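Data first, discussion second: the structure below is written as structure tokens.
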Amino acid sequence: MAFTVTTMCWSIIEYGGQLESNDELGHALDAVKWGTDYFIKAHPEPNVLYGEVGDGKSDHYCWQRPEEMTTDRKAYKIDRNNPGSDLAGETAAAMAAASIVFRRSDPSYSAELIRHARQVFEFADKYRGKYDSSITVAQKYYRSVSGYNDELLWAAAWLYQATNDKYYLDYLGKNGDSMGGTGWSITEFSWDVKYAGVQTLVAKVLMQGKAGEHTAVFERYQEKAEQYMCSLLGKSTKNIKKTPGGLIFRQSWNNMQFVTSASFLSAVYSDYLSSSKRDLRCSQGNISPSKLLDFSKSQVDYILGDNPRATSYMVGYGENYPRQVHHRGSSIVSFNVDQKFVTCRGGYATWYSRKGSDPNVLTGAIVGGPDAYDNFADQRDNYEQTEPATYNNAPLLGVLARLISGPRESDQLLPGGSPTPSPVVIKPAPLPKKKPTTPPASSPSPITISSQKMTNSWKDEGKVYYRYLTRLTNRSMKTLKNLKISITKLYGPIWGVTKTGNSYGFPSWIQSLPAGKSMEFVYIHSAPQANVLVSNYSLE
């Protein structure tokens, strides 16, 4: 949760102008304050921080609406006798970063956040230990694999950004080598592993000309930051793996968290480099900063549907997005619709195992995403791929804001300080405009393959693969049912239709196609277009 808030704040600090010009800054600040209000409440004393409510075992045992949870709400804390430097460090970073975004719009709240951030950092640094050794119920679910050194450096970096206090600059300089900031060349940036983020922030300080006597150490931070950036582009000695469709891939369970964080860091560092008028230095040569932004855009495009399955991994965006999200509130009918009590285990029997689409669309959520071969199963029990997380979404806030502004414009101030948003009036979001439905055209062939085009190609192990997007349109005045499609000369996987015998029909999530509407499906093979024909159907 703290990492979510920190990365949202970083997004606002870097791209507040873009958010404001698109009437989204108020929403972003509101979301941040929801988190920081909670952190303030969770920090009642200088050396006490509450880190978890409830436990994973009992929570996973039940499938209920949040309004009706019956599981134990015991609160777990860290203190001087039960330390948690990683948890406290990240929380200090979140409050320090948030103090920057509220500096102009709410100075008193900003000052309160700084006070808490300083205290929590001092607590984290003075009483060292891993939080999951104190809050042991977290070990099975959010184990601190990287330890706490990265969070202590991360917190110091944000406190320096927020206060300009030389103490935190010296902390980064004196501890960079011993705590891994200059030694770890990491190929991930996540809620657990902060080194790439620390290295990027310190590189910014260096490029701003503020490193002073720590210049040599900060240059070593920057070398590691650039190794991470180069690995994203495939230009390092140790590169990050990618799926055949071009998505970076680290692990099968919630891989998308690494995609959104990498997209954000690469966009930010591209702007830092552009502002300082220098290239990215990789082992395979110098790279233009624009290539980092191109990489960032390619990952976002993949998330939003430009991928071999033509699937959007943002719930509610596009036509083909996950309908069975591993999320209790989304999968169980709203309390406002049906107030019948959902029991702990009854929720599994009635709602978790249900094969239908979620009754509540979790609009905007980024799910875990596809496997190493771009495959994805939209099933509620497939939690590795269909479970969303706040830390998947948080970095995407900044990336989307940055991409709005095109290749040149950015909010970066190098050298100098971080931009801070102006005071904001939070406006209600406008209602979405209804799109007019195009009337169906009359045609002697009412069900047509209206287009079949190649949308991507790539080489893998000497073979060139092609991705084809096919659109079928119902041009009649009636509803299309009982569709059968004949496909020949197909030599690879296909998504968006269901195979029955020797023919293909509607995908599992639709049973009919209304008048004037279209559906799309995608296939991949290393050959020209397949032969696609509508062989049978009925109109009702």
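Just so it is clear, glycine is given a Cβ too, placed from its N, Cα and C backbone atoms.
Per TrEMBL, these features apply:
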- HIS326: active site (ACT_SITE)
- ASP378: active site (ACT_SITE)
- GLU387: active site (ACT_SITE)
- 408-451: region 'Disordered' (REGION)
- 447-528: domain 'Carbohydrate binding' (DOMAIN)
Among ASP378, GLU387, all listed as active-site residues, which has the most CB atoms within 10 Å of its CB?
ASP378
If you run through the domain 'Carbohydrate binding' (447-528) with DSSP, how many residues end up as helix, strand and coil?
0 helix, 52 strand, 30 coil
Between the Cα atoms of ASP378 (active site) and HIS326 (active site), what distance do you get, rounded to the nearest Å?
10
Quick one: Cα separation, GLU387 (active site) versus HIS326 (active site), in Å?
5
Using a Cβ-Cβ cut-off under 8 angstroms and a sequence gap of six or more, which residues of the chain neighbour HIS326 (active site)?
VAL367, ARG380, ASP381, ASN382, TYR383, THR386, GLU387, PRO388
